[in-house]
Amino acid sequence: MKKAALVSIAAYAPQKILTNAELEKMVETSDEWIVKRTGIHSRHIAEDESLTSMALKAGKLALERSGLEKNEIDCLICATVTPDFFCMPSTAAQVASELGLGSIMAFDISAACSGFVYLLEVAKSLVESGAKKNVLIIGADKFSSIVDYSDRSICVLFGDGAGAGVVSVASSDNHIIATHCASDGSKGELLMTPKDGRNVGFVKMSGNEVFKIAVNTLTNDVVELLEKSGIASSQIDLFIPHQANLRIIKAVQERLGLSEAKCVVTVGEYGNTSAASIPMAMNTAYEDGRLKAGSLILLDAFGGGFTWGSALLRFGR
Ligand code: ACO
């Protein structure tokens with residue numbers, strides 16, 4: 001049977017940086033509270049940039065890094081919960097067109113912060129079934145468009161960005177070993193964007209409850225995936241979790257018995273960028289040389305829906 005591999009990774013963060021000091025002037029908060037409770041120092045904000053333009057920049061770089069020609073990409077999928085357009089057109093169709101990929105299959109998925117892991121599972125299935133050869137996947141979110149900047153419990157947490165990769169038919173032992181994606185809609189109201197008539201409201205979260213569920217779900221999920229794959233946590237080269245809160249990341253890392261050096265943390269600089277968070281963290285590790293072809297990596301995500309998922313893979317061609 002064919003195997004699928006994640007052959008490239010890339011990301012884009014908008015230029016404008018919103019620091020904790022700036023937030024102190026906007027709401028009743030402090031740098032000390034934000035850093036202690038979340039580990040976040042700053043977040044990037046797309047002022048005049050659209051979600052599509054961020055997705056386009058990350059997607060273009062992922063395509064270049066894959067070494068493939070435009071006409072070799074036969075599918076583009078974008079994960080986002082903050083698209084520029086309501087319902088249609090999809091971000092994926094817009095990006096495919098702007099990248100000059102021709103009339104390929106292009107569609108969006110909605111899985112909040114678990115978006116990139118969901119994308120990996122969908123792209124893996126498409127490639128392994130033989131339906132597609134090279135799938136460009138993009139996780140992008142512009143939470144600044146749904147964040148209430150007078151709500152201190154939310155505005156300190158989120159940032160904007162995009163991350164992308166290409167999933168292709170594997171040509172070596174480097175491939176996606178296993179993915180697991182799941183959901184529980186019964187807890188949807190704990191993290192949601194309420195809709196009032198025709199208007200979509202600001203994101204609301206019961207942070208404390210989400211925190212506890214996130215830690216337990218994330219830990220159980222990766223432990224199960226490692227067991228099923230017959231891989232010990234000590235074999236992992238890099239653990240790249242969803243970047244929502246440093247305390248959640250540390251709790252899962254410690255329960256897995258992994259050293260700090262093996263855990264990629266970017267939440268301090270970017271905050272929570274939802275579907276972009278995992279690929280942005282992967283890109284940081286790629287650009288600083290920690291993530292190499294053949295690295296065995298474990299991804300772990302949790303987000304609104306609730307949705308969650310994990311993936312185990314050897315990166316690169
Ligand atoms: N500055 C100062 N004080 C604040 C702030 C702030 N920015 N925000 C809240 N507080 C106050 C609260 O009002 C509360 O005050 P009180 O005790 O007088 O009532 C106190 O701080 C404690 O608030 P908690 O909400 O209990 O703080 P907690 O330690 O739980 O941290 C946080 C909050 C950071 C949101 C945490 O709960 C968290 O990270 N939750 C999970 C987030 C997550 O993983 N989300 C899933 C992915 S996101 C997605 O899918 C889109």
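Heads up, the Cβ atoms here are built off N, Cα and C, so glycines get one too.
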43-47, 138-142, 243-247 - the range that TrEMBL marks as region 'ACP-binding': 243-247
Other CB atoms within 10 A, centred on Cys113 (active site): 31
Fewest Cβ neighbours within 10 Å, where candidates are the active-site residues His242, Asn272: Asn272
Long-range neighbours of the region 'ACP-binding' (243-247), counting only residues six or more past its ends (CB under 8 A): 37-40, 113, 157, 211, 214, 265-268, 270-273, 277-278, 280-281, 302
The region 'ACP-binding' (243-247): DSSP-derived helix, strand, coil residue counts: 2 helix, 0 strand, 3 coil
Rounded Cα-Cα span from His242 (active site) to Asn272 (active site), Å: 8
Tally of DSSP helical, extended and coil residues in the domain 'Beta-ketoacyl-[acyl-carrier-protein] synthase III C-terminal' (226-314): 38 helix, 22 strand, 29 coil
Cys113 (active site) and His242 (active site), distance between Cα atoms, whole Å: 7
